[in-house]
Amino acid sequence: MYSFNDTLGYHAPLDVNNLPDDKTAITIENLDLHYGQSQALYDISMRIPKGRVTAFIGPSGCGKSTLLRCINRMNDLVEGCKVTGSVKLYGSNVYDPSVDVATLRRRVGMVFQRPNPFPKSIYENVVYGLRLQGVKNSRTLDDAVERSLRSAALWDEVKDRLHENAFGLSGGQQQRLVIARAVAIEPEVLLLDEPTSALDPISTLTIEELINDLKTQYTVVIVTHNMQQAARVSDYTAFIHMGKLIEYSDADTIFTSPMKKQTEDYITGRYG
C-alpha cells in the first residue's frame, strides 16, 4: 500500500486521523454549516496533509463542495450561511474575525467545474491576480506567465499566441489556463471543484496528469463525482454522505478495504 511522489520517492501513507502538525496544511474541527434553517454539514473534523492530493467523494448533494468552499470561505457569498467550528490553515483559523478574506483567497486558490477564463488575452488572464496585487514590472509578469503556464502544462501550446483571446482555446486548454491563473499568485493550497466535469476524456486525462504534478508544489484538494478519478489522482480520500464525514483514509484503503459499510456500499455502487 504505497504511493509514488516524483520528488520524495516511495512513501508509506500517512495516518490522516493522527496527522502531526508539521505535516498538516488544513485542520477542520467540529465544523457545522447551515444555510438558513437547513444544516448542510455536521460536526466535521479532519486534517488534510500538505503536499498531497486529497479527494472528497460522495453522492450529489452530500456536502462535499460545501466543505471545500469552507476552506477559502466561498460560502460567505451565500446569503444565510452560518459556520461554527474552525478551519485552520497552517494553524490559523480562517474564520477569525481579523482574517482578510481577499488575502485568504490568494493563499487558497480555486478552480471551478466549468472553465471560466476572463474575456482577455491568455497573457492577461494569467497576470490578472498579480496586477491586482500591484505588480507592474514587465519582466516579473513575463516570468510569472511562463512559470504558471508551464506549471499548467500549457506553455508549449500557447507560447506563440499569448496575446490572443483566451476564448479561442479549447475547453481543456481553458481549464488549464484557469489553473495557471490560480497558481500565478503562488497559493499554498489549490482547491479543485470537479475540474473535469465539463471536459472530454482526453482533456480529463491531461488535467489528471497535471494534478499529480501540482502536488509537488501545492497542497491540492479536489471534489469529484468520479470515483475512478479519485482513485487515480488522490493520495487520501474522504467519503461524505448527507453532510457527515463517514470515512477518511489513504486512497488505497478507501477503494480496496474501507472500514465502514456505508463507504463500501458507495464504492461498490450499491447506492449513490
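One is the number of the first residue shown, and numbering goes on along the chain from there.
Each Cβ is built from the backbone N, Cα and C atoms, and glycine gets one as well.
The shown structure was predicted, so the numbers you read here are calculated from the model rather than taken from an experiment.
Swiss-Prot has this to say about the protein:
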- G58, P59, S60, G61, C62, G63, K64, S65: ATP binding site (BINDING)
- 26-267: domain 'ABC transporter' (DOMAIN)
**Request:** Would you report the average pLDDT that the model assigns to the domain 'ABC transporter' (26-267)?
**Result:** 96
**Prompt:** Minimum Cβ neighbour count within 10 Å among the binding-site residues S60, S65: which residue?
**Reply:** S60
**Item:** Residues satisfying Cβ distance under 8 Å from G63 (ATP binding site), sequence separation of at least 6
**Value:** L33, A40, L41, I240, M242, G243, K244
**Item:** Least Cβ-crowded entry, counting other Cβ within 10 Å, from the binding-site residues listed as G58, P59, G61
**Value:** G61
**Item:** Candidate with the highest Cβ count within 10 Å, taken from the binding-site residues C62, K64
**Value:** K64
**Message:** Taking 8 Å from the centroid of the Cβ atoms of G58, P59, S60, G61, C62, G63, K64, S65 as the cut-off, which other residues in that chain fall inside it around the ATP site?
**Reply:** T66, I240, H241
